[in-house]
Amino acid sequence: MDASLSPDQLSFPAVWRHPHLLDLERLTAAEILAVLRTADQLKTMTEGCRRKVPLLTGKTCANLFFENSTRTRNSFSLAAKRLGADTVEFSSSGSSVAKGETFVDTAKTIEAMGVDWVVTRHSTPGTPHLLARELDCCVLNAGDGPHEHPTQGLLDMLTILQHRIGSDWKNEAADPEKVFAGMTVALVGDIAHSRTARSNLWGLRKLGAHVIICGPPTLVSHRWEELGFEVAHRLDEIVHRCDVLNLLRIQFERQKARPFPSVYEYAALYAMNGERLRLAKDDILIMAPGPINRGVEITPEVADGPHSVILEQVTNGIAVRMASLWLLANAKENADASAENLS
């Protein structure tokens, strides 16, 4: 991508018509690739000295987070600001939610202040879909319980593309369903409680990757086999086949009972360490959505080693969220204009 690319050269993809980003399961391969191409362009535009491009000046993004977040919340805020938009930061503690106000009423109150996007994270699956029905502004899912985390799935795929797939995927003639053809990606760890896993599973498969789901039987349902995914219960048996390992943390906060005898036993079977790295391909990519638990799903030598792209995932998160905000805003403006012309 030409580093001199300017904002007026950014073209809106005709395939994108969604005013909301709620999940990847219901997006097509072409729509997913459109977001990734836009993110790649915006990343280039905002690198180096030019940190901001005024594509969304005058608009406002509200972050309504009802669960803790470091990467996602700050990333959405930076994404909005780099495109010239303002942000509203909401925290459930100290708000009227503590007085009994409902989730939807809170969102409607924030919308009434004139916001253009609501970015929401909530422990209950489906809450972003509910808001999309209740609000007039754009809604982005920043994680709804164990259901999905679409921008995390997108940033993970963007990172893989930039490291493993040359530049052919940027060509409009590329077949979206074959972008990851021939590539094997393993998601390792707590699949049962991971919204990141679900977004990755749908997105990677739509773009042609072979996906392996690996983890303890208590955390990996055989339902995934019925849906056509490969399931494994021993990392040692698959690591040599993988082009990418995405290591998911154990989400103890979502579990009612411990799914294995001890953290030590889990690490012995599933942690990516130096010994397992020597069994892997020379160019394997090591990923993790964060936060990482050193010594549990990954050892420090691997997390900080040359195969790790964990911090690059964080960087790409800003690009993906810039693309998401821009695409949704334009799609809504186009839809509103069409509706006005018909009236």
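For all residues, glycine too, the Cβ spot is worked out from N, Cα and C.
For the carbamoyl phosphate site, Swiss-Prot records ARG71, THR72, HIS149, GLN152, GLY290, PRO291, and the single candidate of ARG37, ARG50, ARG121 listed with them is ARG121.
Residues ARG71, THR72, ARG121, HIS149, GLN152, GLY290, PRO291 are listed as the carbamoyl phosphate binders, and the farthest two of them sit 16 Å apart at their Cα atoms. Sequence-distant neighbours of GLN152 (carbamoyl phosphate binding site): residues of the same chain at least 6 apart with a C-beta under 8 Å from its C-beta are THR72, GLY143, ARG195, THR196, SER199, ASN200, PRO289, GLY317.
In the structure shown, across all protein chains, GLY290 is the one of the binding-site residues GLY290, PRO291 with the greatest number of other Cβ atoms within 10 Å.
The Cβ of ARG71 has fewer other Cβ atoms within 10 Å than any other of the binding-site residues ARG71, ARG249. Long-range neighbours of HIS149 (carbamoyl phosphate binding site) (same chain, six or more residues apart, CB within less than 8 Å of its CB): THR72, ASN141, ALA142, GLY143, ARG195, THR196, ARG198, SER199, PRO289. Annotation for ARG121 (carbamoyl phosphate binding site): same-chain Cβ neighbours under 8 Å, separated by at least 6 residues, are LEU64, PHE65, PHE66, GLU67, SER69, THR72, ARG73, ALA142, GLY143, ASP144.
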